[in-house]
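Undergrad: Starting off with a structure, shown below.
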């Protein structure tokens, strides 16, 4: 009996002794409780209904499910895996996302799920169909490096961390066949990449990059911080490659493939702009005809530095828009878009709320599991005590009864823990989509600023036109023409032509961004729909599976103690 | 729930006719708030069904309040030393909860168990105080309660009383106060150690059980909130998915209620059982204290008596005229000593039987408590599995958008 199992119950470390106690209890019982077939049966029937249905998903998903349906024992069942490994060492495999979380990428794989799976277990697609395209990114091997400042002879003493970024892919975008390459990058490079992408892909929902976390980097433990950043980078890059358009971008490819210094212009930083700005500023300040915007400049929103004047003008315009003064000819006429924008706002609000509640739910699940474990532990101690001190038979019987309850409580506690680990994975989808909202904001503001640029140019044109008209009217009154006025008119006409060009470019840019928005919105809606569906399925299946397991544990105890039931 | 032997398994096992078998069955029900303001209190209906001759059968109903139960317990404590008097539920520490529905329900249940344990105890059931409690009208009860409370403390002086005073003066000097007189047989030592450690273990288990109740409530709350949030989120989505979300939200809310129900069930039954167990152990400790003081008394009186005997012999030798007086004192002391020994031995004897009874009772009580606990948890998890499972076909029917 219990006397033999005299391990270190007095151990101060609760966890160590808890594990021992848990193992002791489980060792005593048969590994497969007799209740298993019924719960397994229920679960299995749940699984087959899902596996049988046709999944009009990407080939990757179909593969995962083909695996699932072919061998129910391997399918998501963290529960079933548990049955095989009662010792509890199977924690790793149980924390893996179930089959709904894909690691296998295809060009149209969704962002959220793909990112999650990147760092997880890789499951090769079954041989029933052609291997899907995948791009797998791993970030590893953080190293500390010294800043070699070329400007000074004295080493600057600044250190930074670099990470090894390995890409493994069979996508033809990166070369024929299966290619693998690795580069070493620092976080600053990632910022550069993100900035360049933001410029080149206005209107797209670009996955947000990891934060700079300046405070955390000082305050946190180095190890912790580096680990956290490493994981965040991996997630970010995986999402980037998962995007149907950005995944093929030159900037990204260059980032992933070109070793050595990152060949992308670093932030269109203030320094170089200042240089340009210093030259142009006088002209700008005098508000002269030299303030024509080169068409190519129009493609970017106004920023600081050299765009001072443009900023000012656009600001003036937006104020005019707000006050509804001159009605700008180009109006945000897209009612559809306005509706969608409102919907996005509402969605964000609900996502945020749901995300919060999901966190609270996870915490509650964790707590109940913990307390159940503590309760089990208390009963284990009670069992041992009663058994050791027993003088009467009634005590021994009670010790045996208590042991049943203790075992069940410990097992149930374990199930709660595992259930929760899975729940976290599933409900993480909510957090991820919430994060994507940021990208949506950016894309929408790309659109607004492009529109603003157009509107500014349009009203500028109209004021130029009216100036020209006035001049012509004035000069036509003078017989033979007014040489100076004529010259001014000519200059003005030049300006008008250039502005007209700029306006057309701006309009094209605006239309382009509009289209990007539209396409992305649709893509996002679809992906969100599917990933939410996955999330719910996973969440529900998980709950069912573990509820069944927990039920069988307690049903057993009810059975064992049925003799005490009141016969009334 | 806690098992009680509702029928008398008394001394006589009477023949077949059920009416012939003596029984005493009590129930405590219908808590009602009476009085106003600060003086408000809860009254309970106590219904006694019996065929015992000394009781007004077949049924009698009286109204009692908590302090009446306390009176009964105190009387039994005094009169039946050595017997583990069933424990009472505690007074409410926090004024606020005195009238909360939950507290009242728990107390009513515990009082019912208390009175039934007394009624089914072979010794206690014979108590006159029990009869008074179960039978007398309210005024008599109130009088008994308030009057006895006053007089009770000042018992008529008896043999014991006299020598209690003597003892403390003499024996302290004689025996030396630093050395407490304690029973130290290995068996009793083991029992004492057992009881004290048992209380610790049980208190821990009860603490966790109470926490588990809280966790169920918290989980219920967060499921409810989650359900609402999911419903709102579903409103943002397309038709079929939106509908599924809405259903999921509804199921969450349903399960939330089940969790609250189970929390209540756990509190009323499982946690209460453990608390009751703790109270019972504390009651044993009281008996153990009684035993200790009885032992001490007996030891001290034995010493004092011996000294008196020696002194008497000395006086007799000296042919002092104080001999007569000393002889009388010696006789009285001897009687007191015998009385003290008798009392102590009674307590020991009673305790031995009580311990056996206690262990058996507790095995039955906890066995049932465990059974109901397991049933409750099994039902809850079954309900959860069913609720979630019912969503699966709908989730299945929902088509994916991207091919």
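Using N, Cα and C of the backbone, Cβ positions are placed for all residues, glycine too.
Here the structure is a predicted model, which means the values were calculated and not measured.
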Undergrad: Check each of the ranges A:1-42, A:169-210 against TrEMBL and return the one annotated as region 'Disordered'.
TA: A:1-42
Undergrad: Among the residue ranges A:60-93, A:230-263, I'd like the one that TrEMBL describes as region 'Disordered'.
TA: A:60-93
Undergrad: Give the range, chosen from A:114-133, A:134-153, that TrEMBL lists as region 'Disordered'.
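TA: Feature region 'Disordered' in TrEMBL: residues A:114-133.
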Undergrad: When secondary structure is assigned with DSSP, how many helix, strand and coil residues does the domain 'PX' (A:141-263) contain?
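TA: Breakdown, helix to coil: 55 helix, 25 strand, 43 coil.
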Undergrad: Could you tell me the mean pLDDT the prediction assigns to the domain 'PX' (A:141-263)?
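TA: Here the predicted model's pLDDT, averaged over the domain 'PX' (A:141-263), is 85.
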